[in-house]
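S.K.: From TrEMBL, here are the annotated features:
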- 18-27: domain 'Uroporphyrinogen decarboxylase (URO-D)' (DOMAIN)
- 23, 24, 25, 26, 27, 73, 149, 204, 320: substrate binding site (BINDING)
- 73: site 'Transition state stabilizer' (SITE)
- 137-153: domain 'Uroporphyrinogen decarboxylase (URO-D)' (DOMAIN)
Ligand code: 1CP
């Protein structure tokens, strides 16, 4: 296993620190905006292999990251299950909300792989066209986070309908989560079959759940997905991202079997080094608005992160995705700083 990113996920301390950035493809790049205009809508864009392959490669050409991440979205799963999903320009995702068992009955796994076949084709094509040191990451949304969109019908501030359903009727809600475990595991296994070399499970809204519910709706479904994927694809590294989990990151790492954990920006570095890094590779966690600000503040924090986490198994990333107002030249600078930073105690 030679690619630096995969070596880091395998538990090695790698210097210089491997890096990629969440949402490295997207609206902050003028070349993305140009090609985005050619697609009718965002889902069509994701399902058109020529376009999705091209936008996956755009940030690699500019910055030479250590990994490419499949260009797609977490909401292709509800779309493939038969829920009505669309992306309105400037407004984010819109879904026909599911609030009860009768809504669930409209969903099924029958056409899953057929529906997602353009995504698999994107992976096949990418795996044949990446530089040999660059790894290919496949991904999915975790059941809890995907369920919030399926139940709310859109992005939310309080997830009122999802939390109410999960707390009021957990047995009923678990039917939705179980369906998502099934679909997501099959989807990830197929991604590996088509060339994904590592997988990331995005649980962007994990942090809104109290302790017991975090165990039930974040940790337990992740355990099951990791178990199924590892049984079918032994050796494929999996990164978990339970964003906002706080001290529960420790339970997540201890229980789920992930190879690496992606840290949001609120996780203190020395705590992560002492509490998490002995058990798995860590990834993160610069504030995405430091990348907007740039300058000395960004350089200092990037060096501090590499300094504290770089002497163990580590992948540099942000705490959350790149935002559209990010100046592309700040990303150039960040890559230079991370690649040039000394790692303490790594012996090279
Ligand atoms: O019109 C456009 O260009 C749409 C903007 C956009 C993009 C570029 C959306 C809509 N999705 C994506 C791509 C995407 N989404 C990737 C591509 C790979 C890369 O990182 O470069 C990935 C990994 C995602 C994952 C995703 N989608 C997450 C999890 C990560 C996170 O950011 O928390 C979530 C929550 C979504 C939902 C989603 N899709 C798009 C939007 C605007 C949203 C968020 C809506 C909200 O805030 O609730």
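In case you wondered, yes, glycine gets a Cβ from its N, Cα and C as well.
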S.K.: From the recorded positions listed here (23, 25, 73, 149), select those whose CB sits under 6 A from an atom of ligand 1.
M.R.: 23, 25, 73
S.K.: Compute the C-alpha separation of residue 320 (substrate binding site) from residue 73 (site 'Transition state stabilizer'), stating it in Å without decimals.
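M.R.: About 15 Å separates the two Cα atoms.
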S.K.: Could you check what DSSP calls residue 23 (substrate binding site) once collapsed to helix, strand or coil?
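M.R.: It is coil.
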S.K.: Among the binding-site residues 23, 27, 320, point out the residue whose Cβ has the most other Cβ atoms within 10 Å, with all shown protein chains included in the count.
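M.R.: Compared across 23, 27, 320, the most Cβ atoms within 10 Å surround 320.
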S.K.: On a simple 10 Å Cβ count over all chains shown, which one of the binding-site residues 25, 149 is most densely packed?
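M.R.: Of 25, 149, the one with the most crowded Cβ is 149.
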S.K.: Looking only at DSSP and grouping its letters into three states, which state does residue 73 (site 'Transition state stabilizer') belong to?
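M.R.: It is coil.
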S.K.: Can you give me the same-chain residues 6 or more apart in sequence from residue 73 (site 'Transition state stabilizer') with a CB-CB distance under 8 Å?
M.R.: 42, 43, 46, 93
